[in-house]
Amino acid sequence: SQVSFEEEGQNPPAVGHWKPLMPSKGDKEEPESGCQDAGGVDEPQSTEQLNVSRLRSSSVEIREKGSEFLKDELHKAQKELKLKDKECERLSKVREQLEQELEELTASLFEEAHKMVREANTKQAAAEKQLREARGKIDMLQAEVTALKTLVITSTPSSPNRELHPQLQSPSKAGFRKGHGRNKSTSSAMVSAASQNVAPEPVSRECKEVDSILFAEFQAWKESPTLDKSCSFLDRIYREDVGPCLDFTKQELSELVRVAVEQNTLTIEPVASQTVPVGKVAAEECGGPKKCALSGLPRTCKHRIMLGDSGNYYYISPSCRARITAVCNFFTYIRYIQQGLVRQDVELMYWEVMRLRREMSLAKLGFYPSEM
């Protein structure tokens, strides 16, 4: 016990005057027992009680210090948790802001992409429209050139066109063309004078009635005109008019002629207006002035055809030329309608198509003008 007091830094109490730090109930009942016999049997028991009390006091201090340490740690953990919560909240706001900016950027990019696509489609549509208009103008000019060529080349030294050369007409017909062409009064007077000498003939007026089925097919085609023969309007005309009109004895050459007519690459030339060397004619031309290349029959051929840019010529008879010309006139007119060059009422266009169909039917049956 004396060693223990020295470790605590205190002087040992006198024998017989020592009191425990934490007296118990038993101590109250025997307060003087240790003092009466300090060196006796009770001294080890008091030492043991002192050790127990020290252990108890040290455990209490440890508990208090532990609780204070835990409380400090708890406060620190709470503060760190609050800081982490604030940091998490700040990061959540940053993430939401980034997501919003990303969505806005994505939306703006998509909008810009759609705008670029729309502008590209608009430019492409405008370019395609200009291309179609240019092709339409080219087709129109080619058709006009072909028509003018056909009109001009019919007047040759061997067979001049009397409509282009009025001086070659008979005196009875030339009398109507005398005088100045712009003097309407003189012309009307001459016509009235001539009509007095000629007996009036009964005039037969042609009656026409629109076929509802044909007119409905033409109206449907007019809404979106095309040269595709899969539509009902052109399919009927191909079956009833174009096909029979271009069906010649030479089937292979007939098919080539039909394709050239559809592609507008067929050329018709009079024989007398071209001076080709004899050797070249014999090597390149089919048929001859006395034999038709399409029908294979001996006929007087005044014209010949060339398919595209092949350079090969084929002699054709006046009947075959009339059939090909009738089909070409039909395709030229529907191309004009497709290109928007015909400014007429739908019914007038329908009757013009019917007139062209009648020319194809008559040509197929063998009727053609004498000047061919």
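For all residues, glycine too, the Cβ spot is worked out from N, Cα and C.
Note: TrEMBL annotation is automatic and uncurated.
The region 'Disordered' annotation in TrEMBL covers 1-58 (among others).
The compositional bias 'Polar residues' feature in TrEMBL is assigned to 44-58 (among others).
Marked as domain 'GDP/GTP exchange factor Sec2 N-terminal' by TrEMBL: 66-149.
According to TrEMBL, the coiled coil annotation covers 67-151.
The compositional bias 'Polar residues' annotation in TrEMBL covers 156-172 (among others).
Among the features that TrEMBL reports, region 'Disordered' is placed at 156-197 (among others).
The compositional bias 'Polar residues' annotation in TrEMBL covers 184-197 (among others).
DSSP places the residues of the compositional bias 'Polar residues' (44-58) in helix, strand and coil in these numbers: 15 helix, 0 strand, 0 coil. Secondary structure counts, DSSP: the domain 'GDP/GTP exchange factor Sec2 N-terminal' (66-149) has 84 helix, 0 strand, 0 coil.
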